[in-house]
Amino acid sequence: MQWRSLVVGLVVLRLSVSCVLWLAFGLGPNVSCGFNFHLGFNLHKLDLLFREEKGTEPSGNSWSQRIHGHKYEEPKNTCAKVGEESPKRSYLSFFDGNKDEYVRRYSSFPDTLKTKMKDMAKEMFYFGYDNYMKYAFPEDELNPIDCEGRGPDVLNPSNININDVLGNYSLTLIDTLDTLLVVGNVTEFHRAVKLVIDTVSFDKDSTVQVFEANIRILGSLISAHILLTDPKHPFGKVGFEGYNNELLHLAHDLAVRLLPAFENTSTGIPYPRVNLKTGVPPDSINETCTAGAGSLLVEFGILSRLIGDSTFEWVARRAVRALWNLRSNETGLLGNVVNIQTGQWVGKQSGLGAGMDSFYEYLLKSYILFGEKEDYRMFQAAYESIQNHLRRGRESCNEGEGDPPLYVNVNMFSGEIMNTWIDSLQAFFPGLQVLNGDVDNAICLHAFYYAIWKRFGALPERYNWQLQAPDVLFYPLRPELVESTYLLYQATKNPFYLHVGMDILQSLEKNAKVRCGYATLHHVVDKSKEDRMESFFLSETCKYLYLLFDEDNPLHKSDNKYIFTTEGHVVPIDKRFREKQWNDLFPCEEGALAERELNNRPILSNISYCNRIPEERRYTLPLKSVYMRQIDHMVGLF
């Protein structure tokens, strides 16, 4: 009889707890599954992780309802009558308390503090740059803990984490060239350019990733060359006597050495790696990621138009077309890994992070630079598929109920969620949404990543939004969140984003600064470090932080518009890049976009979105306090 008493006692205890929760929050019987954090969400966390159930996806606005197409109902019990008699209120009312704390913290940012943060960002850049030049140059990177240089791992060729990026070509110096102009140091810019001209050669027995060499080296050389030779653009006349297009010649030489990646591939999609001396290695794999193969068009296209040789743009555009033609007929989505010989998708995950990110970015930026309508139409179609199949949460960022918008990883063919993590590279997407004019969606997604940053003082490489915990714990000083923060500030001029930048800057100073620079965080929780400072820390992270606080920077005052490449290099929007010295690259090629795909949507001209936010919203919070508090709660901040 004792076991019966025990069972009865447990049942009574459960009913009592349920009644207390019901009374405490005034939730009606039909609201429970919308209240995901923490009542509805955590009560079912294990069930969500392990339960498989087929069915159509519900139309609700809760991520937890959509994971397996199942809607959880609160068990019926005697407390239901109490809930029915009590006035119902939105589950968002749970987050209404103390909302003014957000207004008090974020609604203003004094000019004196802005100047202080600008100086702090400049000092951060110089601490890393000066120590690289002192302890590491001419090697590729600085080991900031041991104060030594780092080059390719010649003893372990399979160490692609290092060898994909480091080619024994003074990577950090080249990657940093235009940042020197951004912070106003023309003298050091001239010295750095002369060092590159005098010391850098690409005739090296180095096997590097085509994508990394393109965005970090080729893009920087082209950017610096344009800024040196065209006084109409943002920094004015910064050329020096005796410069004879050497950076452009170096860029051309490197691009020629990357061309073998496009040979002997039946799809036109390039091999992922080349040896700068000998071409594609004999043991090269036939698999590459979508971003790696499809994010070459900006740099290759500019080079082609600068030198009047269509070859580079032709191969890059052919790769983009090949990937585009492999997208799913059902969803319009692409996968993340493809076989370059068979055209079969090896990785069927479609998302916005690693392996996919810059493919979408360069569809839009290629259109902005070159004016090719096809690029924008591909971007429009891709963006529509992303909104239809990757986006979860309530319909509006700043209105309504339900979970805030989030972009998840799905199967490219079915649109079903494949996992419950997002990665830090996806933090670039709000910035791309700003360029596309979708500022409201950008605000919401950015707020989610900022909440993660506030919790850890960094962005873990992967964050599990269901477990509210990191899946992959390191942070290599990536710039994506800073980039989106900067672009959102330019679009809204809302002081909230200055506070975000200050939080990031102070976190880096506190958690990443070491003896000779800034080190990768090995573990975002315990803040242990790895002895590596990647070149993008100086070329992007420090650049965007400095620009965020420097209202009077020439980039902001110039009448000439510009974009940043995916590596943060400044590229002016120039009518030269909209003029070709050759006929259409694919006039009759089979597989070109069918007319039915081009639809009748208008093609946007190069207009600025910096004034799209109404004046009255610029000094209120970009996201209502109730939604900010909801997001903070979602990531475990309280």
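Positions of Cβ are set from backbone N, Cα and C atoms, glycine also.
Annotated active site, proton donor per TrEMBL: GLU212, GLU461, in sequence order. Per TrEMBL, active site is recorded for ASP357, GLU480. Annotated Ca(2+) binding site per TrEMBL: THR566, in sequence order.
With every protein chain in view, the residue among the active-site residues GLU212, GLU480 whose Cβ has the most Cβ partners within 10 Å turns out to be GLU480. Rounded to a whole number, the distance between the Cα atoms of ASP357 (active site) and the residue listed as 'Ca(2+) binding site' is 10 Å. Taking only the Cα positions, the spacing between GLU212 (active site, proton donor) and GLU480 (active site) is 16 angstrom. Highest Cβ count within 10 Å among the active-site residues ASP357, GLU461: ASP357.
Here GLU480 (active site) is positioned 12 angstrom away from GLU461 (active site, proton donor), judged by their C-alpha atoms. For the pair GLU480 (active site) and ASP357 (active site), the C-alpha distance works out to 11 angstrom. Cβ contacts within 10 Å of THR566 (Ca(2+) binding site), excluding its own Cβ and spanning all protein chains shown: 25.
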